[in-house]
């Protein structure tokens, strides 16, 4: 599919480029915030699996848009974005190229907050899907649990955690694990997420770890007496019903039909970069 046809087919894809977002996923976080007020009172925020940076862009624009420039630097909202892949810089965001499963990552993140806990942790991480749904769901669950394990080590009591999930037949077990640490767990589907996709987001509110919980990245989720561990999370649709439908096709204005918009930020180190270079040099057919 060429860029022009995708511009015409996917309203959010084109809208993201028009508004300067690095990816259409920016609208998912915006719609989640409309529903849950995620950014209210957030001063220290962590974006895990952040590349290419659209969620970090949203955090920067929303948290810093009305900030008085005269206030002290340590009183301004602080945003730390973490990913294994390098990221192009974003205003107001500290980008770290780190592994979220490595024990040292925790101390590095906290050092940027002056060793103070975070108010909000978000994660839009997902694997490269294989088409084998059971395998994709399993890998996605492992990414989520890695993000969750780091989140419970950096969050303050009452903090919030948002992460992508693939809803499968065993998703209620995942909700139960999350519910052990948060008083409220919801499953949300932004309008900008295609209805044909099994993608949704868990929104965990009011972080409330057990009294005997000791944060430790080397012992993931080694807590607790799992009493009342069965949990059915409410499913919430987010986004204005008058907005664009992610599964619909919309016409493009006549004067725009031949116009394509460049991406806001090309990938900094894509795995296919060397293959493209070889193809351009005619060394690979």
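Here the Cβ of each residue, glycine as well, is placed from N, Cα and C on the backbone.
Note that the structure is predicted; figures quoted are calculated from it, not measured.
Features reported for this protein in Swiss-Prot:
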- 164: active site, proton acceptor (ACT_SITE)
- 53, 55, 83, 99, 124: S-adenosyl-L-methionine binding site (BINDING)
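For residue 124 (S-adenosyl-L-methionine binding site), the Cβ neighbour count at a 10 Å cut-off comes to 23, with all displayed protein chains included. With residue 164 (active site, proton acceptor) as the anchor, the candidate binding-site residues are 53, 83, 124, and the one with the nearest CA is 124. In sequence order, 84, 105 are the residues of the chain that are 6 or more apart from residue 99 (S-adenosyl-L-methionine binding site) and have a CB within less than 8 Å of its CB. The recorded positions listed here are 53, 55, 83, 164; among them, 55 has the most other Cβ atoms within 10 Å of its own Cβ. Among 53, 55, 83, 99, 124, the residues given in the record as binding S-adenosyl-L-methionine, the maximal Cα to Cα distance rounds to 18 Å. According to DSSP, the residue listed as 'active site, proton acceptor' sits within a strand segment.
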